[in-house]
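J.: My structure is below; once you've seen it, I'll send some questions.
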Amino acid sequence: MGPPPAVADVRRAVRHALDGLEPGDLVLAACSGGADSLALAAGLGFVAPRAGLRAGLLTVDHGLQEGSPDRAADVVRLASAFGLDPAEALSVSVGTSGGPEAAAREARYTALSEAAGRLGAAAVLLGHTRDDQAETVLLRLARGSGTRSLAGMPARAGLYRRPLLELGRRTTVAACAALGLSPWDDPHNLDPRYTRVRVRERLLPAFEDELGPGVAEALARTAALCRDDADALDGWADAVYARAVVSDSALSDIGAVAVAVPEVEDVPAAVRRRVLRRAAIEAGAPPGTLAAFHILQVDRLVTDWRGQRRVEVPGGVGAVRRYGTLIFARQPASPVS
Ligand SMILES: Nc1ncnc2c1ncn2[C@@H]1O[C@H](COP(=O)(O)OP(=O)(O)OP(=O)(O)O)[C@@H](O)[C@H]1O
């Protein structure tokens, strides 16, 4: 008799996510103790030795909740039951910048990346599911995002992989139950002060009630379609960027980027905005805070610049139109002759 269907689904997804790794490589599961990452860790423990890989586990103790060190210790203990070694609990101190959720996430990713580097890991697996993806897409839709952002979380990005992105949370819960595991219920996951909790607990169920089941799958499909579109447009924008950026040592010495307007004014808006976004980032605008509406404003300096010559974007970067050139710089740029 084979394993229960949910356990088989998780194992299959993990096996697929390990494609491309070399025999003997170390793979780490990032595990909070919740159902998603617990099912993931159990799946990795089963699959890795059969794929000739070494596997371990990392759990982060944010120190924000009572009993969190005990929970981290429990997760580490479970790791050995799954055959995961090394298994480490990482304690982090969480700042406050950008709000508690964002600060905890940043501290967590820093700690995971540092530990992965120290242990020589080839990949770190995260337990995001299709439901997380649907919540992300809905949140971003409500903010007016473009296709890249609506593409949601990627299945792979650098060191990180998300094997469960095509499985529903129901599957991870069922897999834990079938394996006799008791996942930890993060009290934050029910706290309606968090936007994501309201999306999960109120909005998505209301969508399903009104529009029928399958909304989470549909949103995840939209994300996948947007990813393909965004990849194609990014490739096009790379080629335009290479032509449009003016090389000028005086500008590059101060970290400024100049874009030749004639090279971008006649390309499709979706491509042009990508070029402008990249120029703003190269000049120092932080990608995470650079929103679609900032780029729309900058775009007006290309398409319709009468009246306005300067637009501010995050990171103290300004875009200034000077005749046929658009200059992105932290300081007000000096005129180009
Ligand atoms: N305390 C933790 N220790 C280790 N890994 C964690 C921890 N918390 C979350 N993770 C990893 O991150 C995944 C996503 O968790 P969660 O949805 O709570 O985080 P998030 O803040 O939404 O993450 P992201 O910033 O990646 O969207 C988990 O499945 C797990 O792999």
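Glycine residues also receive a Cβ, built from the backbone N, Cα and C atoms like all the rest.
From a predicted model like this one, the values you see are computed outputs, not experimental measurements.
This is the feature table in TrEMBL:
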type	residues	note
BINDING	SER32, GLY33, GLY34, ALA35, ASP36, SER37	ATP binding site
DOMAIN	27-201	domain 'tRNA(Ile)-lysidine/2-thiocytidine synthase N-terminal'
DOMAIN	265-326	domain 'tRNA(Ile)-lysidine synthase substrate-binding'
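I'd like to know what surrounds each of these features in this structure.
T.: Here ASP36 (ATP binding site) comes close to GLY127, HIS128, THR129, ASP132, LEU164, ARG169, THR172: these same-chain residues lie at least six apart in sequence, with C-beta atoms under 8 angstroms from its C-beta. According to its DSSP assignment, ASP36 (ATP binding site) is helical.
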J.: Just the binding-site residues from SER32, GLY33, ALA35, SER37 whose C-beta lies under 6 Å from any atom of ligand 1, please, or none if there are none.
T.: SER32, SER37
J.: How do the residues of the domain 'tRNA(Ile)-lysidine synthase substrate-binding' (265-326) split into helix, strand and coil according to DSSP?
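T.: Taking each residue of the domain 'tRNA(Ile)-lysidine synthase substrate-binding' (265-326) in turn, the totals are 29 helix, 12 strand, 21 coil.
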J.: Write out the long-range same-chain contacts of SER32 (ATP binding site), meaning residues 6 or more apart in sequence whose Cβ is under 8 Å from its Cβ.
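T.: Same-chain residues close to SER32 (ATP binding site) (Cβ under 8 Å, separated by 6 or more) are THR59, VAL60, VAL75, GLY127, TRP184, ASP186.
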J.: Taking the Cβ of SER37 (ATP binding site) as the reference point, list residues of the same chain whose Cβ is under 8 angstroms away and which are at least six residues distant in sequence.
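T.: Looking at Cβ-Cβ distances below 8 Å from SER37 (ATP binding site), excluding near sequence neighbours, one finds ALA29, ALA30, CYS31, LEU126, GLY127.
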